[in-house]
Amino acid sequence: MGIAECRDKVLGGGELTKDEARGLMEADVTELAAAADEITRRFNGDGVDVEQLNNIKRDGCSEDCTFCGQSAFYDADKEPHPLPEPEEVVRAALKAKKEEASSYCLVAAWREPTPEGFEKVCTIIQEINTHVGISVECSLGFLTRERAARLKGLGVKRYNHNLETARSKFPEICSTHTYEDRLDTLEIAREAGLELCTGGIIGMGESRGQRIELAMELARIRPEEATVNILVPVQGTPMELQAPLPPGEAERFFALVRFLLPRSVVKISGGREKALDDDGRAILRGGANGIITSGYLTMGGNDSSADMEMIREAGLEA
């Protein structure tokens, strides 16, 4: 089945098979992106979900994810940053709202929150709700059912917990927890009524087949948001010498994710400024309808004004 037939199947409410997904990844990337854009417009309109992050607990993570510069395994001398005071986070959230962000995500580099850390995060969320009025999302590691219910009760809209890569690739990426651990937290979040944000990182040496495998897993989960990062190798990690993806491969993957998740937010996340010549402008017309702006967890990014201008120049709306 070709691009047009797959597009029409999706527009008609159908779901693609793995063989059809495999065929799309072999198709002409320009035609594929154009068809993905048609699907995006049909189901999602011209709006772009603009998100800002706050890395409220940085470095010293106990997990050994080979791509991550925040892991204690690869820089044991790096001291973990303490959680900021709520007032500091409120100021940053107010700035994000002024810069037209539609959501604000609190991110913490740990396996799971300590009891004291979780309570402080809850206080931060309450203060943002009181003083800012922006949609709050969280990425805090593994969840218990009790904590998921608490976050839902505080008005948290969406919970991020990435799969990172395909199940078949995951043992090469991390040994301190399993793929099933990640799936379990997504299930706990969903059971609590939280929307799901999940995705991964492409360009970590996985095969094209493994990228398809990841995309099919995302299609099975059906998150409200799928977030796709492109690896930026971090010095001192096992991935520091990883070669970049071939040209067009990121564009293919974003388009495929749109075919598989026609109604979800598909977000261009970390790595776009370094891995893509146009900062992701073409992908906003090739399947994506969301971006993270104003920097990421450990590296900078475009400021919000540049990204808002990019969105407008693409004929879209923040």
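The backbone N, Cα and C atoms fix where each Cβ goes, glycine too.
Under the heading domain 'Radical SAM core', Swiss-Prot lists 46-272. Annotation comment: Swiss-Prot describes Cys61, Cys65, Cys68 as [4Fe-4S] cluster binding site. Annotation source Swiss-Prot lists [2Fe-2S] cluster binding site at Cys105, Cys138, Cys197, Lys267, citing sequence analysis.
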Which has the fewest other CB atoms in a 10 Å radius around its CB: Cys65, Cys197, the listed binding-site residues? Cys65
Looking at the binding-site residues Cys61, Cys65, Cys68, which ones sit with their CA no more than 10 Å from the CA of Cys138 ([2Fe-2S] cluster binding site)? none
Same chain, not part of Cys105, Cys138, Cys197, Lys267: whose C-beta falls within 8 angstroms of the C-beta centre of the [2Fe-2S] cluster site? Give them in sequence order. Glu51, Leu53, Ser103, Glu137, Ser139, Arg158, Tyr159, Asn160, Glu225, Thr227
With an 8 Å cut-off on Cβ distance to the Cys61, Cys65, Cys68 Cβ center, who else from the chain surrounds the [4Fe-4S] cluster site? Glu63, Asp64, Phe67, Gly69, Gln70, Ser71, Phe73, Ala109, Cys174
Closest to Cys61 ([4Fe-4S] cluster binding site): which of the binding-site residues Cys105, Cys197, Lys267, going by Cα position? Cys105
Cα-to-Cα gap, Cys105 ([2Fe-2S] cluster binding site) vs Cys65 ([4Fe-4S] cluster binding site), nearest whole Å: 21
If you count other Cβ atoms within 10 Å of each one's Cβ, which of the binding-site residues Cys61, Cys68, Cys105, Cys138 has the most? Cys138
Between the C-alpha atoms of Cys68 ([4Fe-4S] cluster binding site) and Lys267 ([2Fe-2S] cluster binding site), the distance in angstrom, to the nearest integer, is 20
